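Beneath this line is the structure, given in structure tokens, with notes to follow.
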Amino acid sequence: MGGLAWGPSRAAGSSWVNASGTWEQPLRGFSGLQGGRRRGRGEKGIPEEPLCQLTPQLGLSLRVPFGLGDYGLDMPGPQPSAASQTTGAVACLAEVLLWVGGSVVVSPRWQLSLVVERCMSAMQEGTQMVKLRGSSKGLVRFYYLDEHRSCLRWRPSRKNEKAKISIDSIQEVSEGRQSEIFQRYPDSSFDPNCCFSIYHGSHRESLDLVSPSSEEARTWVTGLRYLMAGISDEDSLARRQRTRDQWLKQTFDEADKNGDGSLSISEVLQLLHKLNVNLPRQRVKQMFREADTDDHQGTLGFEEFCAFYKMMSTRRDLYLLMLTYSNHKDHLDASDLQRFLEVEQKMNGVTLESCQNIIEQFEPCLENKSKGMLGIDGFTNYTRSPAGDIFNPEHNRVHQDMTQPLSHYFITSSHNTYLVGDQLMSQSRVDMYAWVLQAGCRCVEVDCWDGPDGEPIVHHGYTLTSKILFKDVIETINKYAFIKNEYPVILSIENHCSVVQQKKMAQYLTDILGDKLDLSSVSSEDATMLPSPQMLKGKILVKGKKLPANISEDAEEGEVSDEDSADEMEDDCKLLNGDASTNRKRVENIAKKKLDSLIKESKIRDCEDPNDFSVSTLSPSGKLGRKAEAKKGQSKVEEDVEAGEDSGVSRQNSRLFMSSFSKRKKKGSKIKKVASVEEGDETLDSPGSQSRGTARQKKTMKLSRALSDLVKYTKSVGTHDVEIEVVSSWQVSSFSETKAHQILQQKPTQYLRFNQHQLSRIYPSSYRVDSSNYNPQPFWNAGCQMVALNYQSEGRMLQLNRAKFSANGDCGYVLKPQCMCQGVFNPNSEDPLPGQLKKQLALRIISGQQLPKPRDSVLGDRGEIIDPFVEVEVIGLPVDCSKEQTRVVDDNGFNPMWEETLVFTVHMPEIALVRFLVWDHDPIGRDFIGQRTLAFSSIMPGYRHVYLEGMEEASIFVHVAVSDISGKVKQTLGLKGLFLRGTKPGSLDSHAAGQPLPRPSVSQRLLRRTASAPTKSQKPSRKGFPELALGTQDAGSEGAADDVAPSSPNPALEAPTQERSGSSSPRDTRLFPLQRPISPLCSLEPIAEEPALGPGLPLQAAAPTGPSQEGSQCPVGLGAKVTSSQQTSLGAFGTLQLRIGGGRENEEPPLRPHNGGISSGPREGTSGRQTDSKSRSRVPGHLPVVRRAKSEGQVLSELSPTPAVYSDATGTDRLWQRLEPGSHRDSVSSSSSMSSNDTVIDLSLPSLGLCRSRESIPGVSLGRLTSRPCLASAARPDLPPVTKSKSNPNLRVAGGLPTAPDELQPRPLAPRLTGHHPRPPWHHLTLVGLRDCPVSAKSKSLGDLTADDFAPSFQGSTSSLSCGLGSLGVAHQVLEPGIRRDALTEQLRWLTGFQQAGDITSPTSLGPAGDGSVGGPSFLRRSSSRSQSRVRAIASRARQAQERQQRLRGQDSRGPPEEERGTPEGACSVGHEGCVDVPMPAKGAPEQVCGAADGQLLLRL
């Protein structure tokens, strides 16, 4: 019998035989060849017999080198016929040479085209084969490889075009009768040589086929393995392009309903509906005519369809981004690309040569490529490539330190690895071990029990699961353990066998695993410490019980404690074999009905995965009662079954499945209890049972010496007190999820210290009979290494697990943070790591691409176009858990635009995960579309694509900015959170670390869905913008003693600040101090709204809607002076408030200055305009909102001579200058040059400004910064422009802008005001009154407070209060005479009572235009459904808060009281260290908005 084996090394010039019988260069990695007879040792190594001339009896066997496992591809020879002999020989040779661990590299001279083409041609022609199913009858189907060689298809099938298996999804192709399906058939049913199985998909489903002949079976196995090998060798860029090409072809074929090879206009329209494209029919027809180039025949061929798809999918967001960095050219040159990569993508060491290589690689246009230019197509290709993916490509390989002790790593672990389904009746399969090991799992579980014929078996004890041989399991583990990586595998043995079969187990382990068990070569410097993964490469560690040291070495066995036996079901859930086997069918039928009832009920709830079912933890509270009932005696099984149908089938009693199941078993069959006996209980029919009232008996078991000696570093021990310091690190403690959660809640710091020195394993509760998974994150927070999950249950928890371990090349080991390995902290604390810098993650969700319809859509592709929104969740420490979502975009799943920023604060980013979810909004809930979960440490900064997991083209485009922050962070929860401080939805506290919550009723869930889903036409409230608060700034801060600000000319304004300056009460919280001077406020405002740009459309500057005043309109200036004794220099620290300005829907919006000033002029031209989000998405000229976080400098008073100085948005030394309004600044970036103390987040495009030293800034000695003026037109001759530099790379040189001068010229912010009323002091400001709620608000159902529950009341025209969250000010209003309302209540009503016309996305935009007439066109009030009782509760709480404030401060209140819960989301605030003057505008004058720094009076609630 000839064979292929590894022989001695060959000389460099040696050769091998090729397919034609001549010798060529060998494959890399092979060191020798033995085939037929042993080859000669001549000069050219020519054998006596060519390898291709195989005898019919010849078989081949491949032994793979160490680290790749032993494939043992034993292939029997072909039949004697000459034709089949040649075909079989070629197939065998190709298989042997090509399938080496799924990857092969061939010499250029090696000619395999003939072999490959023969296999591919045969597969594409197709073969009729029998598909085996679980039933006894197979299905005859015709299987073939598609023309693109990307999918295996078959017919006939009811699935039509969905009847396919992608080559990418195939995990393994195995020959013979190896699958579980084949085992159900008698051995004589099929010829093993004609059988093979294809394992595919995330659940490792098997397709079991029987071919007509062994040659055809071998051809299919060879061809599929070849395709899989090519895919594994394919780089990520080529794979992405191939996937896209295949997707386009597949989409074209599916759209071609009549099969004529072209698409008509009707077929194109149907395809667009399927792709969730909502375009006007005329626009579609126009693009159709432009793409139809072959004499305009009215149809599109494939090439024409590709052109049509390209026109349709041109990315506007990428085009605007390209214009930004190309100086508004339609291409990027190498220098532009270099600047983009350095500034936005935060890449280091970018050279012009590397940029030129990118252009060569991604630019499809030959003309552009020859000129060294990257056009929009090339730029799109680059951003959609792996280089533009959000996942760090460095994390695709092992990059962490692997030399630390094992206890310093998280280790991915599997629970009941052998099961394919639930814990009661599912199948046990050997290939589950192959799947999880290849998926990166490093700890697998084997439940061993005594089997027939002296052979130990593996199955879930006391259940109806099927059984497999222990020997087969060990052989599979040996074969697949180190295919993906060589880091150690931990074999968790749950031993329930007798001593005799334990010896058999030890023999199999030793014989099969061999050297993999030999740990003598592993030496550790410290005997008390565990070895490292690097030292244990290629080793298998047996985790199990070990005989104590006091037992004689000659003893063959001994007794050990069985208390630590993990994963056993509760006593009342055990069904032993024996007499119960006669009633197996009856019990199985009952169990199936119960499980079906549970699964049907679980489908009702919101579910990210339709296959992700969950059965809540079943309370064992009735345990004693059930046991007592079981003692009443036995009765007939038939009677019990009939009596039990009524009690258990109903939905309300379905949760009692375990108890009723236990009851039936105990009554209807001989159920034995094992050794554990609870006090006062009696076992049934069990010899040696305890008498009533005896204490709990300690469980012991006998252990074989041979099996004990295989355990070294991973000795299983019983659970003990985590406060006791462990003596040895060579042991593993197992905790159920319930016990571990209890310890985590009671002793978190001790548990963390415990896990620093030894291993701990967490396993699911025994009540998770449906194999559902718990949340692993709380146990990772405590440093638990092996958090075992049910790999067969795909869903959220497994997605978190995959994301966790993808951060280190999927090797199964992830290094813990340093603080978890040394020292202790409380992971449940609100500030677990005080004094350490935190990370702030700013995610701007820009757009989506090719989002499909939900998988479980009733109408499928014919369903309505989706209304998507994005939800982002941060999962980590409890204090870090939060969840935010964007608004809903109506009727657009192809290219929706969100342009919204979500901000998260993370205390420990090393263990945090970030989860992106896309939902389809539905009137009664939401439908899951897709998700992508990543480790925080794996996220790349800059503009990135987030590809949804398991989807070919679906992605969302985001911008990522990560910055360091310090100080105490509190997430603002909005107006709702001000009064209802419940647990955050994303926090771990909300679900008790994975413990199921009581299930709400259907009506409650429907109400929750309706209330929680974001409104289609309104942006959801943002809760992610943090309020960063610190205590009082140290009086000795830098510069505090050098420069003193001049005293305020208004003593009345100084008093409040001086009074607060020494306060240290919890209410006197300050927004975090900056180490560099910035202006007091930082907010997000729309900067420019631009029309859609095409290649032929120049950028147009937006024009103001109102008349200008001397060429510009600017906000009224105020004298905002820093008078705090603690902060009196240039370093005086203002408050930072992040605020979202709602995007306007008007086509010609008023201009906004960069400093947040309000564009003035009458609003009659725009007040009546309103469009909802649906109509906006259909208007080609829709103007997207471009937001920037900017420092809004303090505005000078009219008498101040201080020159204007423009501060940088990032708090650095750069200066701001305003570009012309149409220029695009669409980015979120965090300056890498910021120091660790820079706590300002730059939510803008690359900063536009000149780098200037502080000394050169005019007016620095006065200790104040002023905001820059606004522009109504780009033609202001008095403004010095900014030149293009590295700090402002996106500046374009426009026609009217001269070169920037060397110095900035001082100029006033606004003309002097005349004719207005004197400014009242802060504590004498008149508060504005509102009418009582209308009748329509009194019949509202309970729910959250919205911005529409109150109607405004406008009276008077003299005095006004300017306060607001949006860009409009409040008109002149006074209280109704004779009505006195408390201040805080009125402010709350004012903040929640209005909506700005034309801005349907902002619920808190305040203030009418012009004369402020009641019910003017500038305001909208939408009807909603809320309860009047909530209004009264809010007002009562407001009054109580005010009374508390008055008691603390006395009756002389100087302003609205502060609510100790902090500022509501979206509200503005005034820093305690500064005061403002509020000028009163003249009657009849254009609206002027006054306030602190932003032209607004900012109220802190």
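Glycine residues also receive a Cβ, built from the backbone N, Cα and C atoms like all the rest.
The Ca(2+) 3 binding site annotation in Swiss-Prot covers Ile865, Asp867, Asp891. Sequence-distant neighbours of Ile865 (Ca(2+) 3 binding site) (same chain, 6+ residues apart, CB-CB distance under 8 A): His273, Asn276, Val277, Asn278, Asp891, Asn892, Gly893.
Among the features that Swiss-Prot reports, compositional bias 'Acidic residues' is placed at 553-570.
Residues or ranges marked as compositional bias 'Basic and acidic residues' by Swiss-Prot: 626-638 (among others).
Residues or ranges marked as compositional bias 'Basic residues' by Swiss-Prot: 662-673.
Among the features that Swiss-Prot reports, compositional bias 'Low complexity' is placed at 1089-1107 (among others).
Positions annotated as compositional bias 'Basic and acidic residues' by Swiss-Prot: 1142-1151 (among others).
According to Swiss-Prot, the compositional bias 'Basic and acidic residues' annotation covers 1215-1227 (among others).
The compositional bias 'Low complexity' annotation in Swiss-Prot covers 1421-1439 (among others).
What Swiss-Prot records for 1440-1463 (among others) is compositional bias 'Basic and acidic residues'.
In terms of DSSP helix, strand and coil, the domain 'PH' (121-229) has 34 helix, 39 strand, 36 coil. The domain 'PH' annotation in Swiss-Prot covers 121-229, and the record cites sequence analysis as its basis.
Annotation comment: Swiss-Prot describes 279-315 as domain 'EF-hand 2'. Tertiary proximity for the domain 'EF-hand 2' (279-315) is limited to same-chain residues at least six positions away from its ends with a CB under 8 Å from its CB atoms, namely 248-249, 252, 260-265, 268-269, 272, 376-377, 380, 847, 849-850, 894-895, 957, 1178.
Residues or ranges marked as domain 'PI-PLC Y-box' in Swiss-Prot: 707-821. According to DSSP, the domain 'PI-PLC Y-box' (707-821) comprises 41 helix, 21 strand, 53 coil.
The region 'Disordered' annotation in Swiss-Prot covers 28-47 (among others).
Sequence annotations record features per position, and here Swiss-Prot assigns region 'Necessary for plasma membrane localization' to 75-229.
Here Swiss-Prot flags 551-570 (among others) as region 'Disordered'.
The feature region 'Disordered' is assigned by Swiss-Prot to 609-700 (among others).
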By a simple count of other Cβ atoms within 10 Å, which of Asp867, Asp891, the binding-site residues in the record, is least packed? Asp891
Taking DSSP helix as H, G and I and strand as E and B, the domain 'EF-hand 2' (279-315) has 22 helix, 1 strand, 14 coil
What mean pLDDT score does the domain 'PH' (121-229) have in the model? 86
